[in-house]
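TrEMBL lists 20-42, 99-122, 131-152, 158-175, 187-214, 226-244, 294-312, 319-338, 350-369, 381-400 with the feature transmembrane segment. What TrEMBL records for 107-239 is domain 'Glycosyltransferase RgtA/B/C/D-like'. For 423-456, 457-490, 491-524, the entry in TrEMBL reads repeat 'TPR'.
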Amino acid sequence: MTNNNENKFYKIFLESWHPFSWIALAIFFVYGATLLFNIVYLDDNVLVTGQYQFNKNLSNIPQAFNEDIFRTPQNGGTFYRPVERLTFMLDAQFGENSVIFMSHFSNILLHFLAISLLFLFLLKLNIKKEIAFLFSLFFSIHPLTAQTVAFISGRNDSLLAIPIFLSLILFINFLETKNNKYIIWHYILFTIALFTKETAIVLPVISIFYLLIFMGWKKIIIDYKTYIKIGSIWIFIVAFWFLVRMSVLHNFIGNANYNLFTSIYKNLPSLIPAIGKIFLPFDLSVFPIMDDMLIIYGIISLIFLTIWFFLSEKRNLKFIFFGSIWFFIFIFLTLIKPIDTVPEFSENRIYIPMFGFIFIILGLGKIKLSYFIKEKINSKKIVIFTSLLLIIIFSFITIYRNKYYKNRLNFWKNATETSPSFAFNHKNLGAMEYLDGNMENAEKEYKIALELNPKEVMVHNNLGLIYASKNNLIEAEKEYKKELEINPNYDNAYFNLGLLYWQEKKYDEAKTSWEKTLTINPDYIDAFNALMIYNYEQKKYKEMSIYANELYKRGIQIPTEIIQIIQNQN
């Protein structure tokens, strides 16, 4: 580039607020259509629509810190993420008809904020502005980000990236200026990050490696008292979060069963396809498992990086080491999976780890082209041209992939096509077919799920619903009872069994099933309603009033005739 062209490039793309505008434009170009997408029935049906009544009431904010994000009954659950819950509560303030639209809008906004802070973080590390901009633009449209942006429930990773990047920027500011306001805000943001997602626990580790790699032992030893104080406050913050989490979940890791070392050892090979998805994003899946993931793209990517390392003109080993540490530290916790489930590797969990490859690529530097080309060439032009070409190609790959997040059927069809050996995917595709009234397709998918895993939970219950819809009550009852044999605490199976008994005029058995439903899930609205109607039919108005009152407390409208009976009693 001539100096004149460089000045034009700078003014158009890099001056003042321009980089943020271009990042926003790129994100909207790629993800704008997702504003009109629906939910896909993987957690979003619970977090967005299922919990709308709870989320719209801002007086429930304290309760968000007193339970797991799925509001698991009896203080159970595994995912303690109250800050993420607050974002869903904010979305709900715009009304029930707009909550899905606002949820998609929030995902786009969170992604924009995360990438903007990535850009600022790269600048803080003294990376040239044009290079930082190109990397930020590239990752703003990367196909791997679709699982974080187009999929509502994937927002926890872009949400986490915001306090992660900002806290690191403030940490570096403190190291440069020794101004205490920066380290205080760093502590606050670290706390927010922990209450966003448990992965944030590795932030002090990243900070320590930053100190060791970019500052060195000597500077740390000279000012060791400061760093001991910082470390002590990190430990205090983690201990505080640990105690709060334990008090809510009654167990640090919740109600799931883990074997940490076995899980990490078993799932370590998943890192190879994860790396492949960063460089060659052609084997992507909305819900991948290890057995169906291709490792070839990962192997090609690693070979490419190795060749690049040896052909590099001038390597920056500090950046290479820091980038490698970043990737492995942030992805490490995602390898820990419950031992009693098939491990899945959702691509939104690569969102923060993949930024480590920015530092690795910067550390590798320019390839010595004289090995291949004897003529003198403008390497800056090649870098810019290649970057823009990749940004355009990856943008259209992302736009194409977005269709899999458009609705529940598209999502689960892609899940079964890309991970066909996972019973969970077939079960959920069957559920989507059922909701769309395609009973034959639903039954077919449920049976595939049982072939893959005879103990796949919820499948027998769902088959029971199909048989009940065909008035085959004998087979339906068998399926509900099979479900309860393998899944004895499944509230829906008890509720559906109660409906079946009611249809067979076995009213007392129906009552018992619905009471069991409420024992398992004290907030099961339909069970309250069914028991209210049961007691109304039996003329047990005192018991009816109890269930009506529970519905009223939860904001559910009570039939006029029942209200009149209660008023007459009073």
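Including glycine, each Cβ sits where the backbone N, Cα and C put it.
TrEMBL annotations: computationally assigned, not manually curated.
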* Segment proximity, the transmembrane segment (158-175) to the transmembrane segment (99-122), 3 or more C-beta pairs under 8 Å -> yes
* Structure fact -> Listed stretches 20-42, 187-214, 319-338, 350-369 vs the transmembrane segment (158-175), most Cβ pairs under 8 Å: range 187-214
* Structure fact -> For the transmembrane segment (381-400), the distant same-chain contacts (Cβ-Cβ under 8 Å, at least six residues beyond its ends) come to 1, 26, 29-31, 33, 134, 137-138, 141-143, 145-146, 281-282
* Structure fact -> Counting only residues at least 6 beyond its ends, the same-chain positions whose CB falls under 8 A of a CB in the transmembrane segment (187-214) are 65, 80-84, 156-157, 159-160, 163-164, 166-168, 170-172, 175, 220, 227, 231, 233-234, 237-238, 240-241, 245, 318, 321-322, 325-326, 329-330, 332-334, 352
* Of the stretches 20-42, 131-152, 350-369, which racks up the most C-beta pairs under 8 Å with the transmembrane segment (319-338)? -> 350-369
* When each of 131-152, 226-244, 350-369 is checked against the transmembrane segment (20-42) for Cβ pairs under 8 Å, which one has the most? -> 131-152
* Asked: So what pLDDT does the repeat 'TPR' (423-456) average out to?
  -> 96
* In the repeat 'TPR' (491-524), how many residues does DSSP call helix, how many strand, and how many coil? -> 27 helix, 0 strand, 7 coil
* **Other parts of the chain folded back onto the repeat 'TPR' (423-456), taken as Cβ under 8 Å at six or more residues beyond its ends** => 41-42, 287, 342, 344, 408-409, 411-413, 415-416, 462-463, 465-466, 469-470, 486
* Helix-strand-coil residue split for the repeat 'TPR' (457-490), DSSP-based -> 25 helix, 0 strand, 9 coil
* Asked: Under the DSSP assignment, what numbers of helix, strand and coil residues are found in the domain 'Glycosyltransferase RgtA/B/C/D-like' (107-239)?
  -> 118 helix, 0 strand, 15 coil
